[in-house]
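Positions annotated as domain 'TRPM SLOG' by TrEMBL: 99-376. The domain 'TRPM-like' feature in TrEMBL is assigned to 457-720. If you look up TrEMBL, you'll see 877-1107 marked as domain 'Ion transport'. Look at TrEMBL and you will find 740-759, 871-890, 944-962, 971-989, 1009-1029, 1072-1098 tagged as transmembrane segment.
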Amino acid sequence: MATARLDRFVRENFQQLRCNKYVKSQESEERICGCNRDERWHADCGVPVTPLPSREGAAADGPLQWDSAACCLRLPTNAHGRIKFRGFGRLRSANCPKFIRIQSTGIDMEALWALLTDKDKWALPYPDFVLSVNGGAGNFLGFSRKFSEKLKAAVLNITAGVRKVWIFTHGFNVGVAGQFGQVLEQASFVGSDVSNIFLIGISTWGNIYNNQMLEDDENYSKGGATLPGEHMRRYDYEKGELDKDSSLKRLDKNHTHFIMVDDGSEGCSGREIQLRTELEKFVVTKMRTIGARSGRPCIPPVVQLCVEGGKFTLLTAAQAAQEGTPVIAVRGSGRAADQLVWADEVRRLPAASRPSEAEVRAQIKHLIGEFVNTSGPMERRALEKALFRFAYESAEAFPMDLLTVFDPIEDTDLSRSVLYLVFRHPDFKDDTMTQVVLAMSWDRADIAESEIFSAISESQLRELNMNRLFIKALMYQQKGFIELFMDYGVSAVNVLNRERMERLYLKFITQGTQQSERLLARLIQTRDNMESCKCSGGAQKPHKFSMSCGIEEKEILLLIGRIIKTLTNDVLDNIYTEAYLTDNPSADPTKDLYPPRKRDGSRKFNLQDLFIWAILCHNMELAVLFWKNGKNQISTALIGRLLLQHMAEDADSNDEMELKSVFEADSQRFEELALGVLAKCYERNRDITKAVLIRELPMWNSQTPLAIAEGSQCLDFMHHSSVQDLLTMIWMGGMVTNTATWRIITCLFLPFLTPFLIFKTHRKFNYMHIHEWCKQERSKLNQSTVSLDNQEKARLINVLEDVQVVDKSAVNTREYLETIMVDEVVESLEVSLKTRQQMRMESLYQKRQGFMNLSFLSCLQLFFMSPLVKCILNCLSTLMFLSMLSYIVLVELGQRCDPSKPLHWTEWFIFMWVLQFMAEEVRQFSHFRSLTTKLNGMSYWDKFDLLLCSLFITCVVMRLFFPRLCDWVQCVYAVTLALFFLRFMQFYYVHHTLGPKVLMIIEMFSDVVFFVAILVVIMLAFGVASLSLRDESQKLSGAMIKNMITIPYWQMYGELSLEDIEKEVDNNSVRYVVTLIMLGIYMLGTNVLLLNLLIAMFGNTFDRMQTSSFKYWSYIRHDFIKEYYYRPWLPPPVIFIIHIMRLSQLVYYKVLRRHCCKAEPRPRKSDDFAMRLDLTYHLRLQAFEKQVTDSYMKEFCVLHPHPEQE
C-alpha cells in the first residue's frame, strides 16, 4: 500500500520531458537538434524534421532556439525508487540510495519538499544546515596530495559537529562530488557517525551514463520486479566503459539520494542549475514557515562551496548569490574557484589601488577566455556579467558579504568560515537565537563566545531561552556550550528536574557507543536483579516501557542509584532512592540537608548529579567541568576516583585491558585534582582544611572526605601532610603532639601526674564550670554590644552554645567548629562595624583561645581517651595475655589433661580475655552499614582475627568437652599461641619504621604462595620418580605418601640422605646412577634456580614497597588510629564494663525510649573523624573550598594550557 501511494504521488506531481520539436542547434555545425539528438532519433520518434526557419519567419513557423518548455512533451515520470550498484557498495536494499526523475521547469516545490521530508516517502529530517557543493565534474588531476588531504580534512570539519546536514552535489563519482563521497565513506569506515549527513546528488538526467536502466519500461522488459518486503522498487545499475570525449558520467555510490533533472536533452550539462537554486531558496523559506508555526528557533543556512569547476560553476555561484545564498570559494583549487577568489581580492582592495571598470572587464575577458571553445556568445556574456558582479562595486554588484575565500592550506577550519559568513547574512544578522543554535550545531562554543555573546546586550541575553539551550547542550554533551551558559548565569538547580535527568540518561544509553551499551547492559542487569528479588505472588500492573530494551523511563534513576551503590560497595546507597526522589512538601530544606529540596518540596538536582552522569557516561571533560563549578570539590573528586576505580575493576573482570587502563588513568587524574585542592587549602588555612577533611557530607551519604579517600585507597591523598597532621592530633588526643613517650608511660602508671602534662591551650576549658563561664560571657556580651542589631547579637550569643553540642571527647572537632563559627561572626561584624564591639568580639575570640585551668578529672578524661594511651593499654594487656597463654601451653596444659582435674584459673582468665576480644571484634564489625560493606571492608588483620577466634573456639570446645584428646588439644593450643604472637605485630603499625616492614612481610607472603605452587610440582616430580627407583617392592601406604613429600622437601635444605639411598639401591645398578643424577638435577633446580627466583621476587617486592612504603604506612595508619579512637579505653579483660554500658544505652535509646516514650532516637554527635554541621557552616566551608579550587585551577591552567587533554 505504501509503495502504491508513493507511485501515485510521484506520477501525479513529477514528470519527464521528451523532445517533440526539431530545432537545429545554432552552436553546432552538425545537423542536430537543440536537445543534442540527431535527425534520425527524431524521425524514429515521429517528430518532423524541418529546415531551420529564417528569422523573419521564426515567429510564424516555430521557435528560433530550442527550449524545453516549448519543445518538449510532458509525461508522468517513469524512474523512481532505489539504485543497487552492482559489484560494489550498498548491497542491502535499505542502504541503496533513493532516486527520482523530475522535470526541469514548472515543478511544484511543495510536492518536492513533501517527497523529501514526509515519513511515508523519503523521510529526510529537517536540516540544520544545507551545503551546496559546486565544482568541477571532471577528475582533479591538478590537485597536490597535500592540498587534497587538507581539503578532505576541511570537509570532515564542516560536517563533524552538525547533527542534520543536507549536502547538494552534482551526484557523479568524479570531481568534487566524488571527493565528498570518498570522505564520508572513509569516515564511516573508521567509525565516525555519518548517519545524519545526507549527500543528495542533483544532476541532469541526460548526463547520466546508462540512464535507461533506471526507467520502468526498460527494467520490466528485462524481467525486473518489485522485491518482497520493500517499499520501493530496486534497480540494477551496471558499470560500463566510457569514452574519453563522452559527456556522460556515472553516479557516485556514496550518495544517499539522487534528484535527476530532465529537460528533454541528452548529453548537456548544467540543466539542473535553475532547479537547484530554487530548491536552496525554498528550503530556507519553508523552514522559516515551519519554525514560525512550531516555535523552532533556527532557520537552516544554505551555503554554496565552490571547488575548482568550469563555466557552470560560475553561473551557479552567480545564481546562488542572486537569490541571497552565501558563496565560499576554495583558494588554490583552480579554474572557476580561483576566478572567484580573484574577484573577491579585487573587490576588497582599497579605493586608491582599486582598478578601473575597464581594467576589470579586460581582465575578466582574459579569464573567461578559457571557456571560449565550449561556450556560445550568450554563455560568454553571462559568465562575464557574473564575474563582474562579484569583482566590481556597481549598482548591480552582489553584496560583498555574500562571497568569502577559504584557503585549506593555511586553515582547515571550514566551519568557522561558514559561520562567519552566515552571521553576516541578512537573514541571520539580527537573529541571536538562530546564531546560537547554528553555533551549537557545529559545537563551536569559541565562535559563539567571541562573535555572539561578547557583543550581546543584557536585554538580548534575557530574551534568549538559555535554560532550553543548556538542556540541549547537555543532551549532546557539548562541553564548550555548557561552560559558556554556566558562565552567563545558567544555574543547573533551576534547569534540572527528575524528568530531565532521566532524559539525559535515556539519551545516552540510546546512542549506541561502547560506553552507552555498557551502561545499558548494567541497567538491564540491575533491573533483572531487582525483579528477581521481588515477590512473585500477585498480579503486576503493566508498565509503560521505553525504547531502551524494556527499561521504563521513570525507573532509570532508581536503577542508576543501584548501580552507584554497587560500584561503591554500598558506600553511596542513598543517591537515588524512591524516598529521596519523591516530593515532600513538609520537608525543611534548612534542616534536612539531604536530599536537597526546593521550597515546594520537590527534589533539587545540582552539579553533583551531573557529575555522576558524566562519570557514568565516561565524559571526562564534562566531569571535570562539573567538578570545578560544583561544591565540595575534594570529596567530589574522590567520589569520581572511586567510581572510575570500580569501573576499571569491572573492565578487568571482562578482560578489557585497554579500557581498564583508561579508567585507571582517569581515576588517578581525579585523585590528583583532589590532592591539588587539598594542598592549596592546607597552604591557605590549616585548621579549616582539617575541618574540611572530617565534615560529614549529606550528598555523599554522610561520608567524610577522609573516609572516602580511605575507602578508595588514595595513597597519595592519605600521605599528604594535612591528613597526617590530623591523624597525629587525633592520635595524641588532647595532648600536644611533641609530648615525650616516657612522660605518657609515667602518667599511665601514676595517673595523679596527668595534670603536669602539656595539653593544647585552646583545649584547656574547665568543663566542670563551663556553664558558669558561658553565663559570665553572655553578661559581658550584653554590656558591650548594645549597638548591634538583634540578628547579629543572637548569632554572637549562640556561638557559645553551639560548640557544646559536640562530644567533649572530640577535642579536635570542638576546636575546628569553634574556629569556623567565631570566624564567621567576626568577619560579618568587620564588614558592618568598626567600633569597640568589633574589638570586643576579637578579644572574646582570643580569650577562648587562651589558657584556662583544667580540673583533675578533665585531665584524666583527655589522657585516657586518647588513642595513644588506649593502644598502650591494649599492648600491655596483650603482653599479659601472651605470657599467661604461654605459661598454660608450656606448664599447665600437660599436667591437667586428666579429665578429673579442674581447669586452672589462668585458663579461665584466658577464656574471658578472648571472649571479650571477640565481643570487641563483633562491635567493630557491626559499625559497617551493610553486609557487603562489612565483607569488603575486612583488612588482613580482620581476617586474621577471624581465624584466631575460630581456632580458640576450637580450643575451648576440645578442652571442655573432649579432654581425652590431649595431644590434639595441645597442638591446637600451640598453633593458636603462635598466631597470637604473630598478631602482636599489628602494634608495629604505629611506628613509622616498623610499620612499613610489616607491610612488606604481608606482600612477600603472596610471593611465597606463588613460589610454593611451583615448588610443589617439582617436588612431586622428583619425589615420586626417586621413590619408585629406590624401592620397587613397596605397597601403597601412608608412609610412602609421606616420603614422597618430606624426603625431597628436606633434601632441598641439604638433608640428602645418601646413606639411605645406598642401603636401598645397589651401587652397581642403573637405578642407583639414575637416582643420583635426578638428585643432582633436583638440587640444582631448587637450590640454585627456585630459591634465587624467590629471592628475586622478594627483592622486587621490597624495591616496589620501599619506594612507596611510607605512603602505604600512612594509609594503614588511618585505620589503626581510627580503630583505637572508637575502641573503649579499658582493655581486656575489663573491657566488658564499657560494653555493658554501651549496650544499656543502645537498649534505652532504640527500644525503651522510642517505643515507650515515643521519642526520637539519640542523635549522633560529632567526633574527631566525623563532624556534623548545619547548613550555615556547610556553606562557609563550601565557599572556602570553592575559592581555593578556583585559585588552584588558575595555577594548573598556567602549567597545563589544556587541562582537559592531559
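Cβ coordinates are placed from backbone N, Cα and C, and glycine is handled just like the others.
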Beyond the flanks of the transmembrane segment (971-989) by 6 or more, those residues with Cβ under 8 Å of it:
871, 875, 878-879, 881-882, 885-886, 888-889, 893, 941, 944-945, 947-948, 951-952, 954-955, 958, 995, 997-998, 1001, 1113, 1116-1117, 1120
Averaged over the domain 'Ion transport' (877-1107), what pLDDT does the prediction give?
80
Same-chain residues at least 6 beyond the ends of the transmembrane segment (1009-1029) with a Cβ under 8 Å from one of its Cβ atoms are 1040, 1043-1045, 1047-1049, 1052, 1065, 1071, 1074-1075, 1078-1079, 1082, 1085-1086, 1090, 1093-1094, 1097
Residue list, the transmembrane segment (944-962) vs rest of chain: Cβ under 8 Å, 6 or more residues beyond ends.
903, 907, 911, 914, 917-918, 921, 938, 968-969, 972-973, 975-976, 979-980, 982-983
Intrachain neighbours beyond the transmembrane segment (1072-1098), with Cβ under 8 angstroms and 6 or more residues off its ends:
1004, 1007-1008, 1010-1011, 1014-1015, 1018, 1022, 1025-1026, 1029-1030, 1048, 1051-1052, 1056, 1061-1062, 1065-1066
